Amino acid sequence: MCTFVVFLGACIGLAETKNYATLIVLRCLQSTGSASTIAIGSGVISDITTRAERGGYMGIFQAGLLVPVAVGPVIGGAIAGSLGWKAIFWFLTIYSGAFLCFLIVFLPETLRSIVGNGSLQSSNPLVKFPLDIYQKTTKVEWEQIPDGQSQRAAKKKIDIFGPLRILISNHAAPIIIFLAVYYAVWQMSITAMSSLFKSRYGLSEIQIGLTFIANGVGSMIGTLVTGKILDADYRHVKARYEASLDAEQGEEITAATREDNFPLEKARLRLVPIFSILQCLSIILFGWTINYARKVHIAVPIISTFITGWTAVSTQSLIMTYLVDIFPDRSAAASASLNLARCLFAAGGTSFIMPLINSVGVGVAFTICVAVQLLALVGPLIQWRFAAGWRRKEREQDARRADAKN
């Protein structure tokens with residue numbers, strides 16, 4: 001709720017700003033409010049889901065997160081073209097204010113150190129009302145906790161540097177860098193669209209906004225479909241894994257050992273190469289068709305943006321779900337580390353894409369981007385090959401440290 005208040009206040013200030021310096025400061029403040037919701041959302045999903053069902057929920061969450069990135073220019077272009085750019089921030093003020101009211105009334109607390117498995121109450125009045133509504137309307141049957149045991153999870157200390165530690169850890173760094181590169185190239189293509197469609201095809205602001213619909217539709221399809229595929233993939237891999245364990249070791253292996261040795265990379269990452277290659281092909285198509293705009297109809301690069309949006313968001317869903325799985329007790333920090341990396345890469349990429357295009361041409365510029373993307377595929381390969389061993393080694397080290405303390 002605090003993050004929405006920050007975002008709402010920044011939008012009001014932006015709508016009233018009269019100088020460039022204030023605009024920059026308030027945009028930074030606005031980003032601070034909006035970016036925090038990504039980590040919070042991932043934490044909520046981790047609180048309320050299991051691995052087997054997490055893919056579908058993450059797909060819906062990614063839709064709310066990334067589809068606006070694609071369709072925002074459509075709405076923004078229409079508003080700016082008819083009412084002026086300041087009207088965009090008044091629209092965001094109304095939109096975020098209405099959504100904040102919705103959250104206050106209907107979003108229940110999920111943090112397990114406060115409400116346990118969802119069956120406990122809180123003394124905080126802001127938390128109490130939506131939690132009451134949830135507990136009275138839900139059909140969830142809560143797991144019974146034995147007497148003498150607390151339903152609440154232990155409170156964790158605030159770890160400011162947690163996201164940075166995850167970002168540089170061997171568990172996550174390869175896959176985060178990979179995703180940051182692909183996200184950056186996606187944002188670079190979106191950023192370049194406006195200028196390129198205006199200069200090469202002579203479109204107006206409203207027409208340019210309409211061209212982003214394809215990207216938005218692709219993004220929406222990617223989030224909703226990929227989430228279901230992730231859940232089905234997980235169930236399929238888990239069934240084969242458990243069947244092989246039962247055949248080899250019978251019932252001797254414990255549930256904890258089964259969970260620890262589960263091939264998580266196989267369940268979550270095996271679709272990554274498919275979406276990655278498709279995104280590379282769509283970026284190449286986008287760049288070279290615009291390069292020869294006089295010979296190629298505008299429908300071709302627009303179709304390529306549909307494919308780019310679909311594959312980019314699908315890859316985001318895969319990796320975000322995977323990170324929440326490998327950091328179940330630090331899901332918000334894992335999401336924050338991913339968001340930090342991709343925003344930094346996207347900020348750098350979008351700042352130099354137009355100078356690069358002006359220097360070497362559209363086709364060559366996006367060919368260079370694709371070359372970097374192909375190089376970044378080393379990240380998932382490293383993750384696939386070594387991540388399970390790294391986690392196993394860390395568990396063994398934790399066990400030895402625990403034994404030493406005892």
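Keep in mind that glycine also has a Cβ here, set from the backbone N, Cα and C atoms.
No curator has checked TrEMBL annotations; they are predicted automatically.
Remember, predicted model here, so these are calculated numbers, not experimental data.
As annotated by TrEMBL, signal peptide applies to 1-17. Residues or ranges marked as domain 'Major facilitator superfamily (MFS) profile' by TrEMBL: 1-391. Look at TrEMBL and you will find 33-50, 57-81, 87-107, 164-186, 206-230, 271-290, 302-324, 336-357, 363-382 tagged as transmembrane segment.
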Close approaches to the transmembrane segment (271-290) from elsewhere in its chain (Cβ under 8 angstroms; 6 or more beyond its ends): 182, 185-186, 189, 196, 200, 226, 229, 233, 296, 300-301, 304-305, 307-308, 311-312, 314-315, 318-319, 362-367, 369-370, 373-374, 377, 380
Does the transmembrane segment (302-324) reach the transmembrane segment (164-186) with at least 3 CB pairs under 8 A, where each pair is 6 or more residues apart? yes
Local confidence of the prediction over the domain 'Major facilitator superfamily (MFS) profile' (1-391), expressed as mean pLDDT: 81
